[in-house]
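Asks: One structure, as structure tokens, below. Some questions next.
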Amino acid sequence: MPEMPEVETVRRGLIAQVKGRKITNVEIRYPNLITGDVDQFKEFVTGATIDDVGRRAKFLLIHLDNGYTIISHLRMEGRYRISADPSAIDKHSHAIFTLDNGQKLIYNDVRKFGRMQLWNTDDLENNKSIQKLGPEPLSDAFTFNNLKPRIMRHRKDIKTVLLDQSVMSGLGNIYVDEVLWKVKIHPETPANHLNDIDIQNIIEVSNEEMEKAIIAGGSTVRSYVDATGHKGNMQNSLKVYGKEGTPCPRCGTEIKKIKVNGRGTHFCPKCQVVK
Ligand SMILES: [Zn+2]
């Protein structure tokens, strides 16, 4: 699943190629892709110019010049491609936006879990999906005072709490494992057992990990590629995710993989202790 750094990489790839372009035609081949009325979506998007491409957590925000924004969630396998070549369109291309320079912005989604929704730009914070998102790394709201009460009010394990997008948003399974390894906290530690230093460490390391991952262009786990078809290389610097059976880069103990609340979880049994 693309995580926040991958979505940010897609955003940067898209903005360079679509900002300022007018959408001259919209084709929706898989109507369930659109949350809401498909005809209305096409009507409002056709003829609009793309003002900007933003992001909130894992949601891409394609801002149009008519006061509307396309909220796009890639979910498991969604990707954008930009091409003028008709052969770039295949059976997995579910939305095709023709741009005024002859290029097509093509949304592909093998598993069809991704969704798009048109929403009033001034009212984005009231959108049901966006409203419930907690503060995200590298944003002004990602502070100790904001995060501490959100984390500490939970008695369940810290892994599950950090994955909960209403507590903090943007970190998925890969980066939560990486962050917990860095801060030396066992993923099954009850969230309310953490102390202030732990919370501060989680904030700092989450910021660092996200920044590093964005620079690296995201992780290539599964079939992620950015809008221009480039694979990210963050997977080369992952320390624990997918590394079960290999030595911990810090202490040499074998990395273990367990299930925490149903999610595959990687950790070092020696340097990550339950509190
Ligand atoms: Zn270790």
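Cβ coordinates come from backbone N, Cα and C, glycine included.
Annotation source TrEMBL lists active site, schiff-base intermediate with DNA at PRO2. Annotation comment: TrEMBL describes GLU3, LYS58, ARG263 as active site, proton donor. The DNA binding site annotation in TrEMBL covers HIS92, ARG111. Annotation source TrEMBL lists domain 'Formamidopyrimidine-DNA glycosylase catalytic' at 2-114. Feature annotation from TrEMBL assigns domain 'FPG-type' to 239-273.
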Asks: Just give me the nearest neighbour of ARG263 (active site, proton donor) among the recorded positions GLU3, LYS58, HIS92, ARG111, Cα to Cα.
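Replies: Comparing Cα positions, the candidate nearest ARG263 (active site, proton donor) turns out to be GLU3.
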Asks: Tell me, how many other CB atoms lie within 10 A of the CB of GLU3 (active site, proton donor), whichever protein chain they belong to?
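Replies: Excluding its own Cβ, the number within 10 Å is 23.
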Asks: If you measure from the CA of LYS58 (active site, proton donor) out to 10 Å, which recorded positions from the list PRO2, GLU3, HIS92, ARG111 are inside that radius?
Replies: PRO2, GLU3
Asks: At the level of the C-alpha atoms, what whole-angstrom distance separates HIS92 (DNA binding site) and the residue listed as 'active site, schiff-base intermediate with DNA'?
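Replies: Per the Cα atoms, HIS92 (DNA binding site) and the residue listed as 'active site, schiff-base intermediate with DNA' stand 17 Å apart.
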Asks: Provide, as an integer number of angstrom, the distance between the C-alpha atoms of PRO2 (active site, schiff-base intermediate with DNA) and ARG111 (DNA binding site).
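Replies: With distance taken Cα to Cα, ARG111 (DNA binding site) is 13 Å from PRO2 (active site, schiff-base intermediate with DNA).
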Asks: Among the recorded positions listed here, LYS58, HIS92, ARG111, ARG263, which has the most company in the form of other Cβ atoms within 10 Å of its Cβ?
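Replies: Of the recorded positions LYS58, HIS92, ARG111, ARG263, the highest Cβ count within 10 Å belongs to LYS58.
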Asks: Where does LYS58 (active site, proton donor) sit by DSSP, helix, strand or coil?
Replies: coil
Asks: Please count the residues of the domain 'FPG-type' (239-273) that DSSP assigns to helix (H, G, I), strand (E, B) and coil.
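Replies: Within the domain 'FPG-type' (239-273) the tally stands at 0 helix, 13 strand, 22 coil.
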Asks: Roughly how many Å separate the Cα of ARG111 (DNA binding site) from that of GLU3 (active site, proton donor), to the nearest whole number?
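Replies: Their Cα atoms are separated by 16 Å.
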Asks: Could you pull the average pLDDT for the domain 'Formamidopyrimidine-DNA glycosylase catalytic' (2-114)?
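Replies: Value for the domain 'Formamidopyrimidine-DNA glycosylase catalytic' (2-114), mean pLDDT as a whole number: 94.
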